[in-house]
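These features come from TrEMBL:
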type: DOMAIN; residues: 74-176; note: domain 'FAD-binding FR-type'
type: BINDING; residues: ARG125, TYR127, LEU142, LYS144, MET151, SER152; note: FAD binding site
Amino acid sequence: MMGQGEEGDEEEAWLQLRPVEPLPSQCCGSGCSPCVFDLYQRDLARWEAARASKDRSLLRREETQSCPSKLSPETFLAFLISAVDRLTKDTYLVRFALPGNSQLGLRPGQHLILRGTVDDLEIQRAYTPISPANAEGYFEVLIKCYQTGLMSQYVKSWKAGDTAFWRGPFGGFFYKPNQYGELLMLAAGTGLAPMVPILQNITDNAEDETFITLVGCFKTFEGIYMKTFLQEQARFWNVRTFFVLSQENSLEQLPWSYRDRTHFGRLDRDLLEELVGSCRRKPFALVCGSAEFTKDMAGYLLDAGLAEDSYFLF
C-alpha cells in the first residue's frame with residue numbers, strides 16, 4: 001500500500017508529464033489542421049487516459065520527435081539554414097538544406113509553420129516556400145521582418161549553419177494543370193510567395209495552357225521582390241505581370257520595360273475591375289497579402305462580378 005508521501009511524489013510525477021497548453025501566440029492563425037491547439041487536446045486526452053490507468057507507456061509516441069522520417073503536420077522537424085540573403089532592408093530570402101537530393105513534398109501554394117523562441121516565449125507563424133515544388137536538396141522562404149515582431153527578432157538572428165524548426169504541409173488550395181482558364185494572382189508584398197511556385201509549376205509544364213495575370217503590389221520599385229524571376233516568367237506566352245506602387249509617382253524613374261505595366265497608388269475597385277475585364281478567359285483569383293488587403297480584394301472581386309467560388313484567399 002502506497003503512503004501519503006509516495007502518493008504525493010507519484011502525483012507530482014504525473015503533473016510533470018502533463019502537456020502544456022499553448023499560448024495564443026503559438027497559433028499562427030492560418031486555419032491549419034491540425035492546429036497547435038488540436039494537438040494539445042489530443043495529447044491531453046492521451047495523458048488523462050494514461051494517468052487513469054497509471055500506465056506511462058501510453059505516453060510514448062510511435063514516432064519520436066528526435067528522429068522523424070519525413071515532413072509532418074504534427075511534428076516539428078529541424079532544418080539546417082544554408083544561406084541567408086537580405087533582399088531589401090526588411091526582407092530576407094532564406095535557404096534550408098534537405099538531405100541528398102530529396103524534395104520537401106509540398107504542393108504548389110501550400111505552406112509550413114515555423115517555430116521560434118524569443119525571451120522564452122514560443123511563437124509560430126505560417127510561411128510559404130517560394131522554391132519550385134520539385135526543388136531537390138533545398139527549399140527557400142521569403143520572410144519580411146517587422147521592427148516590433150517577435151518572430152522577426154528570431155529570424156534576424158539567423159545565420160548559415162543555424163537550425164530552424166518547421167512542420168507541415170498545410171493549405172487548402174491545390175493547383176491542378178489546366179483546371180482554370182486563367183489565374184488572376186493578386187499579391188501584396190510577401191504575399192507574392194504562394195504565387196511563385198504555382199506560376200513556375202505552370203510555366204514548367206508545356207502541356208499546361210493556363211493564362212496567368214499576376215498583379216504585384218509594392219511600395220516602391222526598389223521594393224519589388226524577385227524582379228529577375230518575374231521578368232523571366234513574363235516572357236512566357238501565357239503570362240502577364242503588372243505592378244501597383246503606392247509610393248512612386250514618376251514613370252520616368254522606372255525602366256522602360258516596366259512603364260506600360262505599372263500603376264501608381266493602390267489596387268482599388270476600379271483598377272481591379274479593369275484587370276478582371278482584361279483577362280483573356282474567365283479568371284479564378286488568388287489573393288495573398290495583409291488581412292486588410294485580402295478583405296478589400298475579396299470585396300472588389302465580388303463587385304467585379306466574380307462569385308465567391310471563383311477566388312481563393314491565402
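In case you wondered, yes, glycine gets a Cβ from its N, Cα and C as well.
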With every protein chain in view, how many other Cβ atoms are within 10 Å of the Cβ of LEU142 (FAD binding site)? 22
What other residues of the same chain, not counting ARG125, TYR127, LEU142, LYS144, MET151, SER152, have a CB atom within 8 A of the CB centroid of the FAD site? LEU114, VAL141, ILE143, CYS145, GLY149, VAL155, THR190
Here are the binding-site residues: ARG125, LYS144. Which has the lowest count of other Cβ atoms within 10 Å? LYS144
All-chain count of other Cβ atoms within 10 Å of TYR127 (FAD binding site): 23
Annotated FAD contacts ARG125, TYR127, LEU142, LYS144, MET151, SER152, maximal Cα-Cα distance (Å, integer): 13
Which value does the mean pLDDT take for the domain 'FAD-binding FR-type' (74-176) in this predicted structure? 90
For a three-state summary based on DSSP, what are the helix, strand and coil counts in the domain 'FAD-binding FR-type' (74-176)? 7 helix, 50 strand, 46 coil
Sequence gap of 6 or more, C-beta under 8 Å: which same-chain residues meet both conditions with respect to MET151 (FAD binding site)? LEU114, GLY116, VAL118, ILE123, ARG125
Measure from the Cβ of SER152 (FAD binding site) and count the other Cβ atoms within 10 Å, all protein chains considered. 19
